[in-house]
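J.: Quick one: structure below, then a few questions.
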2 protein chains.
Amino acid sequence: MAPAAPAHRQLSLTAFLMRHGHHVAAWRHPDTDLASPPFEVYRNVVQSAERACLDAVFLADSMALTGAPSLEPVTLLSALAAVTSRIGLIATATTTYNEPYTVARQFASLDSISNGRAGWNLVTSDNAAEAANFGRERHVDHTTRYARAREFHAVVDGLWQGFEKGAFVDDKAGGQLLDPSKVHRLDHRGEHFSVAGPLNVPPSPQGKPVLVQAGSSETGRALAAATADVVFTAQATLADAQAFYRDMKGRIAGHGRAPDSLRVMPGIFAVVGESAGQAQDKFAQLQGLIEPKAGLALLGRMIGNFDLSGYPLDGPLPELPVTQDGQRSRQQLLTALAQGENLSIRQLYERIAGGRGHFTVIGTAKQVADQMQAWFEEGAADGFNLMPPTLPGGLDDVLRLVVPELQRRGLFRTRYEGTTLRSHLGLR
Amino acid sequence: MAPAAPAHRQLSLTAFLMRHGHHVAAWRHPDTDLASPPFEVYRNVVQSAERACLDAVFLADSMALTGAPSLEPVTLLSALAAVTSRIGLIATATTTYNEPYTVARQFASLDSISNGRAGWNLVTSDNAAEAANFGRERHVDHTTRYARAREFHAVVDGLWQGFEKGAFVDDKAGGQLLDPSKVHRLDHRGEHFSVAGPLNVPPSPQGKPVLVQAGSSETGRALAAATADVVFTAQATLADAQAFYRDMKGRIAGHGRAPDSLRVMPGIFAVVGESAGQAQDKFAQLQGLIEPKAGLALLGRMIGNFDLSGYPLDGPLPELPVTQDGQRSRQQLLTALAQGENLSIRQLYERIAGGRGHFTVIGTAKQVADQMQAWFEEGAADGFNLMPPTLPGGLDDVLRLVVPELQRRGLFRTRYEGTTLRSHLGLR
């Protein structure tokens, strides 16, 4: 008999995987493997994460080439589903350049293939490079994007619910496969989509795939409060994270939702060493590998797609017009940071080269676990989205050093209790 | 050292997998497994096909619910890629309701994950049920659909060629990941699409994924002759298949292509038994399981989406208006068949309940192999797309009985020589 779930609250942990790791110079680190096929690297990483009992792995996405080429997330997670058995699999898919019937099919299929481990990170696309791959001169404006996203979600959610319990009769002798009275058309007609349904993929083993969101704007938060199971967020300080956490829990209460029906999970960029000094050395090694060109490109992207290559590296950030190309809140944050601490362009890109504005901790397993525990116990987080500096080494450090420390403190599971992602996350 | 490829010409064999098999009553057969998760059934089937050294498995697709719910093909094949090592993986994706940047990414990812085993069956979507899931009142007309398909293909093909050989420098010390002079934007601007590129997925291990087509109209044949590596086709008789084969080989010569640069592969619906009588009994058992409702629905769909439920089953096929809803050539074929042989509605749906107009052989392994050999040697086929009546049993019969017979005759490989689908098919 499986032991009962622990009576006390535990952390959720997901691993946010980027091709070579999150640090902008990760690919140059001796640890990263450029020679093996990408799938082999991911397979080893995800199997390690599963051995550590993580809730899920998570893949971001972009519909344009920014950085190293990688694999399309749903395709990749589906392959990973076949070589794992318990860990959740969360992929990003945009509502701006996809069709809801297609996305509903993909995630229902991933959920079926993985026996209930799929999650969908619903995003909108906000940059010109993606727009240019989908026949648009400019990215779609914020309001239209979110209106489309909201309707997109309603359609996908409706399609996922098209098969009532008992719809599959499977009566060979009687000649009835489906009970048509339990299979429902959607017949959605809205401003952005008309979708008849029903879906042509079997229903999700976990009821429906877990819904993740990460929008931080007012509109993004409102949509997440209405619909999401998990919110990923970038918060640099405990106070900011607490404010965000309070805000989101308040918003869901407004929708009549229980506090634990939404998991708030800030990203954490942790560089872990056997000693504090070793951790600092690891971080310094990565910082030393930043090519000015790569640093400038990252900063330019995060500040609203501006070309900074004409400005002196050791001079101040120039006055920039308010970006029309997404990333407005990130632009404000970084401009304020540069002005407040009087940072040069180089110092600013060095500051974001790892955690990109996320919670950053450099230290021993105990130091990292202390910080995580503080955020968890002081109303700032239900768990963390781990952002390993390099792959596989940067993740291995966390799994090998920090996770056991959290387990010793009773803050994280030592074995999976359930089989679905929804169950790992403690969601109904 | 690997033995050299055989000097003589050999068959290509692909397995065309449908959820429960090709016979309309397959799901009612004792052999089909309705209880296991679909992915488990597919995994066992594909691993069997790989043990038999088949070139590939093939999945059709529909963007609407017609028949049993199943899994989205790219997602499914990606999972299957992770549990196989040599067999090719061909998925259908429509050009009518997708975007080329997305399809290019998916198949490039599948190709990377499978180490060069991906194939794309390019289709257009021609029915109202699919249109209704993508915001359209009616399906797109034939001319527009093919114009879009042609441009869609050009974009995907261009995106796949965006990375020149040597584009990946992987120079950690020098700080250069990609050589920008070898990474090419596409900057396509056409009537249906504007796509900037480059693709954000690593280049295909097999140069590019194998391109499959199955259109039989004049426009469909013209597109296939210009672009395809493989053509699947429905041919009921040797004479028809020879005419089609000659036509396609003539067309590719017009494009300056060598005869063996296009593999022409008719579908074959084979019911195989230890004896001829046993094969007939197997077929009779399946025919006896056809529910009139299911037979009528299949016939109605294939004849251009007409509701035949109001007509007497044992009366003649009513006079039907020419369909405006795709399937026009199939409608002509079936109307002519019913009139020519004076078939009732019931007799007509029984006629198509298995092979749906494809080459149909019911007999021993020797009898089936004789027919395949005749088509192969008499200018009608470069190989066959196997359409198992049931899964897994109907495919197992072919793999266990027919394939060894073809191998004894030197007509089919006994081991894989290469690692890519392109290599299995003898394509450059």
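Backbone N, Cα and C define each Cβ position, glycine as well.
Where the annotation comes from TrEMBL, it is an automatic prediction and has not been curated.
Found this in TrEMBL, in case it helps:
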type	residues	note
DOMAIN	A:23-380	domain 'Luciferase-like'
BINDING	A:D61, A:T92, A:H142, A:Y146, A:S216, A:S217	FMN binding site
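In terms of burial and nearby residues, how do these features look in this structure?
T.: For the domain 'Luciferase-like' (A:23-380), the predicted model reports an average pLDDT of 94.
Sequence-distant contacts of A:D61 (FMN binding site), defined by Cβ-Cβ distance under 8 angstroms and a gap of at least six in the same chain, are A:E72, A:P73, A:A91, A:T92, A:A93, A:T94, A:V123.
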J.: In sequence order, what residues of the same chain, 6+ apart, have a Cβ less than 8 Å from the Cβ of A:S217 (FMN binding site)?
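T.: Residues satisfying the criterion: A:H142, A:S329.
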J.: Specify the count of other C-beta atoms within 10 Å of the C-beta of A:H142 (FMN binding site).
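T.: A:H142 (FMN binding site) is surrounded by 15 other Cβ atoms within 10 Å.
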J.: Taking the residues A:D61, A:T92, A:H142, A:Y146, A:S216, A:S217, which the record names as binding FMN, find the longest CA to CA distance and state it in Å to the nearest whole number.
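T.: Between the most distant Cα atoms of the FMN site, 19 Å.
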J.: Can you tell me how many other Cβ atoms are located within 10 Å of the Cβ belonging to A:T92 (FMN binding site)?
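T.: Taking all protein chains shown, A:T92 (FMN binding site) has 19 Cβ neighbours within 10 Å.
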J.: Measure from the Cβ of A:Y146 (FMN binding site) and count the other Cβ atoms within 10 Å, all protein chains considered.
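T.: Other Cβ atoms within 10 Å of A:Y146 (FMN binding site): 21.
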J.: Tell me which residues of the chain lie with their Cβ under 8 angstroms from that of A:S216 (FMN binding site), as long as they are six or more apart in sequence?
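T.: Those within reach of A:S216 (FMN binding site), by Cβ under 8 Å and sequence separation of 6 or more, are A:T233, A:A234, A:F244, A:S329.
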J.: Tell me whether A:T92 (FMN binding site) sits in a helix, a strand or coil according to DSSP.
T.: strand
